[in-house]
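According to TrEMBL, the protein has these features:
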type: DOMAIN; residues: 6-134; note: domain '1-deoxy-D-xylulose 5-phosphate reductoisomerase N-terminal'
type: BINDING; residues: THR12, GLY13, SER14, ILE15, LYS39, ASN126, GLU128, GLY213; note: NADPH binding site
type: BINDING; residues: LYS127, SER153, GLU154, SER184, HIS207, SER220, ASN225, LYS226, GLU229; note: 1-deoxy-D-xylulose 5-phosphate binding site
type: DOMAIN; residues: 148-237; note: domain '1-deoxy-D-xylulose 5-phosphate reductoisomerase C-terminal'
type: BINDING; residues: ASP152, GLU154, GLU229; note: Mn(2+) binding site
type: DOMAIN; residues: 269-385; note: domain 'DXP reductoisomerase C-terminal'
Amino acid sequence: MAIKQVAILGSTGSIGVNTLDVIRAHPERFKVVALTASKQVDRLAQQCIEFKPAIAVLADADGAARLEKLLREQKINTQVLYGPQALVTAVTDSGCDTVMAAIVGAAGLVPTLAAAKAGKRVLLANKEALVMSGNLFMQAMKQGGGELLPIDSEHNAIFQCLPNQYTKAPSPGLGVEELWLTASGGPFRNTPLDQLGGITPEQACAHPNWVMGRKISVDSATMMNKGLEVIEAFWLFGMSLEKIKVLIHPQSVVHSMVRYRDGSVIAQLGQPDMRTPIAYGLAWPERIDAGVAPLSLTQLAALSFNEPDLARFPCLSLAFAAAKVGGTAPTVLNAANEIAVAAFLDEGMPYLQIPKVVEKTLSAIPVADAGSIESILEIDAQARTVARDFIKTFNS
Ligand code: NAD
Ligand code: MG
């Protein structure tokens, strides 16, 4: 068995750390050849000392100089690079065959696309990259000829519940009728609507079932996360939007389901632990120990499923609407949401303004064709400017 050579984009984040945890347990299967982070120098240094990658990348020169010093002291000769282009170098020049795309947000798009074009096995956690560039990204995967394995737990579940043939080439003959994405409903599923105004970042980041990065935690609270996931499913599985359903399932045990023409519904169940989809993607088509405790159905309380309340979760409606419009609308939705979430987390913008920023930005920017990476990045930048301007008007 050839050892897989793995590059991790975003190795210091929640998904990155879980990926290294799985890899650590299987040194005979995986070798880490590139690690990247934005600013967490000390954590990246520890990871480099343990895994000795060929390349490590940080966002800026200061961080890179600090990392270089820490590594040389330990006699680790990892090449240290910095800046956005270095993320691409980590994919193209590290000798990797597998790329874990786990940067959060639009910053992950260019290196993830580079991995697709280069024919790598892409383990896709960075859903924003796919939402921004859907068609272009799927084309790049096809041209590159690599394997695309979804890491987002819902999409990983659906991938597991679909026939193998379908994941290669969706075809109506295979009897797939609907995809059912489950959602926990986040921490405010039952909070009285009149109390949502005072939500703090700490409350929004305290997810009942999953421990995740701050941005996706806020997205889970607003359910924008599920909206992004609907768009992600649309592209990954070539399924029309009317056939992608969202169900609130507070226990996060059923990670998603596929309904078939003959009446069958196939579900994937498991602990809410990202190491399961990560291990699946790393080892596919084999199965390896993910370090996850076995699921005990008899120890679970009842499993429940409900329709989402769109008045409580306007971000979900906005995402469905943007998906329907298509073109650059999902790019704008994503960019405005990133700006709004950052303003909520870091600048004291009220929680309930998040959907307003997204809605206003979507209606201010005409929809265009998302045909090239240049046009996508241009629209992304424009949407960020418009969203920031709206936030300023809220403040004044
Ligand atoms: P996180 O915030 O914990 O980690 C993000 C990583 O990206 C860090 O290593 C950070 O240094 C790096 N990064 C951030 N901004 C960057 C930039 N501008 N340039 C380069 N690197 C940058 O996030 P996370 O929770 O690990 O999520 C990562 C991705 O995986 C997101 O797209 C998220 O939606 C997706 N995802 C996460 C989970 C989860 O359980 N955490 C589940 C499903 C999907
Ligand atoms: Mg998910």
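Even glycines carry a Cβ here, placed using N, Cα and C.
TrEMBL: automatically predicted annotations, no manual curation.
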| Counting distance between Cα atoms, which of the binding-site residues GLU154, HIS207, GLU229 is nearest ASN126 (NADPH binding site)? | GLU229
| task | Using a 10 angstroms cut-off on Cβ to Cβ distances, just flag whichever of LYS39, LYS127, HIS207 is the loneliest among these binding-site residues. | result | LYS39
| Hey, of the binding-site residues listed (THR12, SER14, ASN225), which one tops the CB count within 10 A? | ASN225
| Listed binding-site residues adjacent to ligand 2, that is, members of ILE15, LYS127, GLU154 whose C-beta is under 6 A away | GLU154
| From GLY13, ASN126, HIS207, ASN225, GLU229, which binding-site residues have a C-beta atom under 6 Å away from some atom of ligand 1? | GLY13, ASN126
| message | Quick check: of the binding-site residues listed here (THR12, SER14, HIS207, ASN225, GLU229), which one has the Cα closest to that of ASP152 (Mn(2+) binding site)? | response | GLU229
| query | So how many other Cβ atoms are close to GLU154 (1-deoxy-D-xylulose 5-phosphate binding site), meaning within 10 Å of its Cβ? | reply | 27
| message | For a quick check of understanding: among the binding-site residues GLY13, GLY213, which residue's Cβ has the most other Cβ atoms within 10 Å? | response | GLY13
| Are there residues of the same chain, six or more positions away from GLU128 (NADPH binding site), whose CB falls under 8 angstroms from its CB, and which are they? | VAL104, GLY105, ALA106, GLY108, LEU109, LEU228, ASN334, GLU338
| field | Rounded to the nearest Å - Cα separation of ASN225 (1-deoxy-D-xylulose 5-phosphate binding site) and ILE15 (NADPH binding site) | value | 16
| request: Starting from the Cβ centroid of ASP152, GLU154, GLU229, the recorded Mn(2+) site, name every other residue in that chain with its Cβ within 8 Å, sequence order please. | output: LYS127, PRO150, SER153, HIS155, ASN156, LEU181, ASN225, LYS226, LEU228, GLU232, ALA233, SER256
| note | Same-chain residues at least 6 positions away from ILE15 (NADPH binding site) with a Cβ under 8 Å from its Cβ, in sequence order, are MET100, ALA102, ALA125, ILE151, GLY213, MET274, ILE278
| query | Could you give the number of helix, strand and coil residues in the domain '1-deoxy-D-xylulose 5-phosphate reductoisomerase C-terminal' (148-237) as assigned by DSSP? | reply | 51 helix, 11 strand, 28 coil
| request: Can you tell me which binding-site residues out of LYS127, GLU154, HIS207, GLU229 are within 10 A of LYS39 (NADPH binding site) by Cα, answering none if there aren't any? | output: none
| note | So ASN126 (NADPH binding site), by the Cβ count within 10 Å over all chains shown, scores 27
